[in-house]
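**Q** Taken from Swiss-Prot, the feature 5-phospho-alpha-D-ribose 1-diphosphate binding site covers ARG37, GLY38, ARG69, ASP88, ASP89, LEU90, VAL91, ASP92, THR93, GLY94, GLY95, THR96, and the record attributes it to sequence analysis. Swiss-Prot lists ARG69, ASP92, THR93, GLY94, GLY95, THR96, TRP134, ILE135 with the feature GMP binding site, giving sequence analysis as the kind of evidence. As annotated by Swiss-Prot, Mg(2+) binding site applies to ASP89. The feature guanine binding site is assigned by Swiss-Prot to ASP92, ILE135, with sequence analysis given as support. The xanthine binding site annotation in Swiss-Prot covers ASP92, ILE135 and rests on sequence analysis.
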Amino acid sequence: MSEKYVVTWDMLQIHARKLAARLLPAEQWKGIIAVSRGGLVPAALLARELCIRHVDTVCISSYDHDNQREMSVLKRAEGDGEGFIVIDDLVDTGGTAQAIRDMYPKAHFVTIFAKPAGRPLVDDYIIDIPQNTWIEQPWDMGIAYIPPLVKS
């Protein structure tokens, strides 16, 4: 990946609220299925905004920080997804998204970020990201002091 897109906690919350507003009315949803791990934080934000208490997970491993590798389903939520929002932080090449679509064909699949290759696989998203860009999520970063260029 040649570019990086840094996401801050406040921007993630703003994007999640925007997404939640598009998912109204909340009563139409039975619950949320978070794609672990990237969808866990967005799922918590959606659950809060939509006052949804039923939150489950589907655990799919396809990344090791910045390298994509073979996909493995570790745990899945029951059912075909009818009445459920499935959320992940992003859709990239579409590999994970296609697996989600196959597992939950009746779910409403959303992400915060979408890259061109995976965009057709989600029902809604908030931010377009170029395909060659790596997204740095706030849960993968820390805040560190940086000394000034000129010391007093």
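Including glycine, each Cβ sits where the backbone N, Cα and C put it.
Surface or core, plus neighbours and distances: that's what I need for these features.
**A** Its Cβ placed at the centre, THR96 (GMP binding site) has 25 other Cβ atoms within 10 Å.
ILE135 (GMP binding site) counts 20 other C-beta atoms within 10 Å of its own C-beta, drawing on all protein chains shown.
All chains included, 24 other C-beta atoms sit within 10 angstroms of the C-beta of ASP89 (5-phospho-alpha-D-ribose 1-diphosphate binding site).
According to DSSP, ASP92 (GMP binding site) sits in a coil region rather than a helix or strand.
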**Q** Do you know offhand how many angstrom separate VAL91 (5-phospho-alpha-D-ribose 1-diphosphate binding site) and ILE135 (GMP binding site) by C-alpha?
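**A** VAL91 (5-phospho-alpha-D-ribose 1-diphosphate binding site) to ILE135 (GMP binding site), Cα-Cα distance: 11 Å.
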**Q** In DSSP terms, helix, strand or coil for TRP134 (GMP binding site)?
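**A** DSSP call for TRP134 (GMP binding site): strand.
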**Q** At the Cα level, what's the spacing in Å between ILE135 (GMP binding site) and THR93 (5-phospho-alpha-D-ribose 1-diphosphate binding site), rounded?
**A** 13
